[in-house]
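Novice: Can you read through this structure? Questions will come right after.
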Amino acid sequence: MPRGFLVKRNKKATPVSYRVRSEEDEQGAFVAQDVPCARRPVSPVQFGNPETVYRAMYSPTRPVSREHERACLERRFNLGSPISAESFPAAPNCSDQAPVDLKIGTSNSNRTGTTVTTKRPASDTERKGKPASKKAKAMRKLQFEDEMTTSPVLGLKIKEGPVEQKPRSQCASGDKPLGEFVCQLCREAYADPFSLAQHKCSRIVRIEYRCPECDKLFSCPANLASHRRWHKPKQSAESNKTPAPEKEETSSDRDTPSPGLSESGSEDGLYDCQHCGKKFKRQAYLKKHVTAHHDAPEKPQSHAPLNLSASECHLCPVCGENFPSRMSQERHIRLQHSAQVYPCKYCPAMFYSSPGLTRHINKCHPSENRQVILLQMPVRPAC
């Protein structure tokens, strides 16, 4: 067996001539001594085939035939080690490729290590984050339950419970312990649910809102605020100094005047009593005060309504003159203010504006009943 046969199979992928083998053996030995990475086991290609020695007699730089080229390419592709892939490996090339293999190995190992280490802390943080969120939800629920201590609609409030509570272990009779029906506020136990529902808890306090003007009690502040609007005078009544008494009467029916106001009055009132000088916020309060404390009720000077048939006063709506009876008032209007009066042709009503007379005729005397009323009405003598 020739000297360079083993070196050719172990170190070189392609066969070379015998003239170069002596130099390459020295270089291969130098590389094997200096570089430890070249000691990797290389999978030999075509092991034990002596025909490769005879084909290597040709020059490695220039193959003689295409079959030799094809064999060289197949050997290069079938090699497993990157070091043996070249036909003429040198010492610097081998030293460059060895650390590359080491770097690849270390980089792969580092990558796998980093991936494992990065996944583990992420899972730890996720596991730690879940109980924290549950604690936050529990704290929210506790705070919400603590805030539910008042009921503004029902007017109830729950007092703070005592620090030390002594639960009852047995009932009064001592037969069996009471723990099934217990009040959650005062911790008092009862034998049946009916007695638990009927008991009055000591921690529940009823809140009452009192009106400062009429002393009425309300359980809700919103109801008190809506009630106090009735005590305030309307701005429209202040702007219009001649309010209609019919509207005032309807509004006074809805109002509930307080006894304190009717007796003592208020300083901010708009209506003055002519007898005692007291002021009242509403005309209904003044009327009640006059009827209760003074014999001859008198109303403050105000314009009378246009329709005299529905009114109770006897003032002339044009000049304001007072008359003892209604007949004298109508006679005065016919004689003195005949040009400003619009009498109704179908009834004795009189109006002081054309739109008022028209509205009265359309409402009280429709077109179907006008002729019947005309036949029944007596002829009015001219004055």
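The count begins at 1 with the first shown residue.
Cβ coordinates are placed from backbone N, Cα and C, and glycine is handled just like the others.
From Swiss-Prot, here are the annotated features:
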COMPBIAS  105-120  compositional bias 'Polar residues'
COMPBIAS  130-140  compositional bias 'Basic residues'
COMPBIAS  244-256  compositional bias 'Basic and acidic residues'
REGION    1-20  region 'SNAG domain'
REGION    99-141  region 'Disordered'
REGION    229-269  region 'Disordered'
ZN_FING   209-231  zinc finger
ZN_FING   271-295  zinc finger
ZN_FING   314-337  zinc finger
ZN_FING   342-365  zinc finger
Novice: Per DSSP, what is the helix/strand/coil residue tally across the zinc finger (209-231)?
Specialist: 11 helix, 4 strand, 8 coil
Novice: Averaging the per-residue pLDDT over the zinc finger (271-295), what integer do you get?
Specialist: 80
